[in-house]
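Contents: one structure, followed by commentary.
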Amino acid sequence: MVPPTDTAEKTAKRKAAKDWSPAKSAELYGIENWGHGFFGVNKHGDVTVNLTDDNGTADISLHEVIEGLRDRGTHLPVLLRFRDLLHNRIAEINSSFRKAIKDVGFKGSYRGVYPIKVNQQRQVIEEIAEFGKQFHYGLEAGSKPELIAALAHMHDPEAYLVCNGYKDEEFIDLALNAQKMGLRVMLVLEMPSELDLILERSRKLGILPNLGVRVRLSTRGSGHWSESAGDKSVFGLSAAQVIEAVDRLKDSGYLGCLKMLHYHQGSQIPNIAAIREGATEATRMYCDLIKEGAPMGVLDIGGGMAVDYDGSHTNFHSSCNYSVQEYCADVVETIAQICDKAGVAHPNLISESGRAVVSYYSVLVFNILDVTSAQTTDKAPAVPENAPQNLLNLIEVNKVLAKKNLQECFNDAVYYRDQMRAQFFYGAATLRERGLAEAWFWHILTKISKLLNDLDEVPEDLRELSSTLVDYYYGNFSLFQSLPDSWAIEQIFPVMPIHRLDERPLNRAVLADITCDCDGKIDRFIDKEDVAKILPLHDFKPDEPYYVAVFLVGAYQETLGDLHNLLGDTNVVGVHLENGKPVYTHEVEGDTVADVLTYVEYDPKELVTKFRNFAEKAVVEGRISPKERREILDIYRTGLGGYTYFES
Ligand SMILES: *Cc1c(COP(=O)(O)O)cnc(C)c1O
């Protein structure tokens, strides 16, 4: 029974909150669609991550992980890295290729390489070198610094070390010498002009290179990076250039060094049809290079395997319409068919998946600092004496507002509010009058949005309205530092609170970061059918931490980030399971204020000196006391040594 004192609205809200369950949250945020079995929701309403130790697997609450870190004094935002998820993905891709090879009766082998640029952090390279051993998983270096890092970590003579990118003499010498030391180095021609230098260094050092040639396909991938294949791509040799290179290799007696064909269709290719097409074109080229007399033997299909960020399993750019197993089966089958038709032996395969390997590995967690509600107000604003006509009109709109005239009333409210603003602009209304008109306007919008909730079908024009009635949740993070692709290419990542999932989230939120930049916000969210403009979140209670996480941020996000507003690297913590309990490792402290200032050429010591001189001047002039000088300088120094994010 409803207690008689309850208003109908309160009852409805309570009932709605009560009708809720963690399972409903799991469905609302789609965690089973994008979580790949790694992430879930437990019966207490926390997001969990599935980790493994010697005794088996356990679902660990992210909320407990974060509370544990806070107890240890680690501030948010924090980037959590789960090595188990990285291991799991490496194993999944390798075993999927093996299965495909077996199913198709393919004669070649598979060896993956990890492209360092996707996440260059040392911890990642170390994990890959260590865990990848069992699969002879190698590395792909796209620059000299990446090669230098690779050579320190990758010493498996069975694994490939693929050298892409622009190569100078030093790069080539390093690669050739590494080959001499027993590594399987492949030097890939990215541009015709590289050939002369490679041959020259090879003669000088007396080492025959294993050459690969990167070809530019006319088949374009689809998605954001489609330009990296296709005729406009800056990388790779065109068909004409490939033939030219083959002729030069023949003339110089080096054709026997051409062992590999490589292509890369671009990253995050959501459509399996594009992947099959790319493989078809490249395999045709591979077969013809054998007919030209090159030994070949290896086909490197590059990266591009996509991640289903929104869980929709479609060819939308933040999704993909295939699984890892389907990708492998399609690629292997296509290559086998074309080789068989051409009477060419099946090649050994290399793939360079980066995103698909590391995306799941990292999760960014931040706390909410504050919320500004849409200026909604249930309470009717004041009615002043001598109100201007436009304000009276607004009050009248409020009076007649009903379900059947929503659209009309909305249009009128916008009109009278704009009239009021125009009057203010020309000096015909005061700031107070304008403020009151805007308050009435929001009051009307609040009522409209409530009435909309009861409608089955929302009129087209009013749909926009519901996206203006959002609450801004201020998160302790920087989009530019931690989620650059969210800003740069409108990539969508799964975002959700990591606790309170047994409560129904009743607020319609947009996330703002702390850069105060109008681009520093997340207002596009995953949705099964479309892109959602709001994220359902719970009421924010200022005395209680509220944690939100962004998932699948292991690929490309960490090192593309910039120092927008001088917000630096976040704290990073590795988490794995031991005896059924989470263990924190690889704790890396994020940048201090002094660190980021140094990046832009300030000298922290000099800053202190300058500020101290300024403070001393204030003492001399009698503005502050010597004791105050000391206190202010202490604050300044502490600030320099502190975290760049909001410390609570
Ligand atoms: C970036 C890149 C990759 C990785 O692509 P993903 O889509 O992340 O798998 C592989 N190979 C080359 C040459 C690249 O430039």
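Placed from the backbone N, Cα and C atoms, the Cβ positions cover glycine too.
Just so you know, TrEMBL annotations are computer predictions that nobody has curated.
Annotated domain 'Orn/DAP/Arg decarboxylase 2 N-terminal' per TrEMBL: 91-359, in sequence order.
Over all protein chains present, the Cβ of LYS117 (N6-(pyridoxal phosphate)lysine) has 19 other Cβ atoms lying within 10 Å. In the three-state DSSP classification, LYS117 (N6-(pyridoxal phosphate)lysine) falls within a helix. The N6-(pyridoxal phosphate)lysine annotation in TrEMBL covers LYS117.
Here TrEMBL flags 385-465 as domain 'Arginine decarboxylase helical bundle'.
Around CYS516 (active site, proton donor), the same-chain residues at least 6 positions away in sequence with a Cβ under 8 Å from its Cβ are ASN565. If you look up TrEMBL, you'll see CYS516 marked as active site, proton donor.
According to TrEMBL, the feature domain 'Arginine decarboxylase C-terminal helical' maps to 593-646. Taking DSSP states H, G and I as helix and E and B as strand, the domain 'Arginine decarboxylase C-terminal helical' (593-646) has 40 helix, 1 strand, 13 coil.
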Summary of DSSP states over the domain 'Arginine decarboxylase helical bundle' (385-465), given as helix, strand and coil counts: 65 helix, 0 strand, 16 coil
Overall pLDDT for the domain 'Orn/DAP/Arg decarboxylase 2 N-terminal' (91-359), taken as the rounded mean: 93
